[in-house]
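As recorded in TrEMBL, the features of this protein are as follows:
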ACT_SITE  Arg28  active site
ACT_SITE  Asn46  active site
DOMAIN    13-103  domain 'Acylphosphatase-like'
Amino acid sequence: GGVGMADGDSLLSVDYEVFGKVQGVFFRKYTQGEAKRLGLVGWVQNTSHGTVQGQIQGPTARVRELQDWLRKVGSPQSRINRAEFSNEKEITALEHKEFQILK
């Protein structure tokens, strides 16, 4: 056991919504791929108003990396206007088994 876990070791949960040209450009598939590469769990789905939303859970440092990716990178064909994050909180255990695309 470690005394005083470093911030990067604690588990974080955060909701996100990405605005711009993010539907019909494989945004969900790329988000899932990036999340899996980072070892994160959660979900991603298209909304009825043309955005992509979901939740990310995992080690804080990795969550920050995906937040950065959602803000600036996205899928090759996407054009991101902005990404909004909400309901950020520390969790004691992951609430998802994997990172999935919801229909």
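Quick reminder: no glycine exception, Cβ is built from N, Cα and C everywhere.
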Self-check item: Secondary structure content of the domain 'Acylphosphatase-like' (13-103), with strand meaning DSSP E or B
Solution: 25 helix, 39 strand, 27 coil
Quiz prompt | Cα separation, Asn46 (active site) to Arg28 (active site) (Å, whole number) | solution = 8
Exercise. Provide the number of Cβ atoms within 10 Å of the Cβ of Asn46 (active site), excluding the reference atom itself.
Key: 18
